[in-house]
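Q: Per TrEMBL, the features are:
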DOMAIN    25-158  domain 'Amino acid transporter transmembrane'
TRANSMEM  32-52  transmembrane segment
TRANSMEM  58-79  transmembrane segment
TRANSMEM  167-187  transmembrane segment
TRANSMEM  193-213  transmembrane segment
TRANSMEM  225-250  transmembrane segment
Amino acid sequence: MEVTSVELGHTAASKCYDDDGRLKRTGTMWTASAHIITAVIGSGVLSLAWAIAQLGWVAGPAVMLLFSFVTYYTSALLADCYRSGDACTGNRNYTYMDAVNANLSGIKVQLCGFLQYANIVGVAIGYTIAASISMLAIKRANCFHVEGHGDPCNISSTPYKLNLFRLMWPTAFVVATTVVSILLPFFNDVVGLLGALGFWPLTVYFPVEMYIVQKKVPRWSTRWVCLQLLSLACLITTVASAAGSVAGIISDLKVYKPFVTTY
């Protein structure tokens, strides 16, 4: 329920409340940096070494720097949309969806909500699978230590996936997802495909479009063209990443044998 500072009896200069009547924020540069680090450095780092090996020592770091610049730049655009209207006294948008709803409208808001929830589901499932594989690796390492490296230590990751899904997803909605993730060895490619499809709209497209509306950037101006070129370049990269995930799924399908695990 939204209330104003006047209704609460507080002034804009209150030490405990912001100008919109909410409790004053206590975040600092250090706490914000900590949240950014925990958000950016995730399970994707586990595949970073493989990605660098595929691209090489020249293209690999170059691509990392390029994506770092895109993320930083679009984050700056998104920060400019924190307030609607006036940059200093406008209404605050406390969530991503609030900013989209305030600057864009119609189908774009609904599309943003769908992509956000799909991204959350995909990331959660990806983390669940990564955790099960990590526990399996520990189990196999212990087996090698006891039995020696001559023992194949064939251990299935299915029990770990089942237990994690049971703890993290206690709803009927994910029953089908659980079965699919257990039976299909290429499910990581599916999660990668979801991530690739969510990168461009959530990280680039919506921040760019909101910034254009917020700052009233004239159409076909130099800034407008540059922003559109940035969005188009990221779209092409997203399509290429999605194509790579689809190629991985097709490759896994060729050797797919149900109910057979590689461990």
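Glycine too: its Cβ is placed from the backbone N, Cα and C atoms.
Could you give the neighbours, burial and distances for every feature on this list?
A: Here the transmembrane segment (193-213) has Cβ contacts under 8 Å with residues 70-71, 74-75, 77-78, 80-81, 96, 99-100, 103-104, 108, 111-112, 115-116, 118-119, 121-123, 126, 224, 227-228, 230-231, 234-235, 237-238, 241-242, 244-246, 249 of the same chain, all six or more residues outside its ends.
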Q: Just to be sure I understand, if DSSP states are collapsed into helix, strand and coil, how many residues of the domain 'Amino acid transporter transmembrane' (25-158) fall in each?
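A: Counts, helix then strand then coil: 99 helix, 4 strand, 31 coil.
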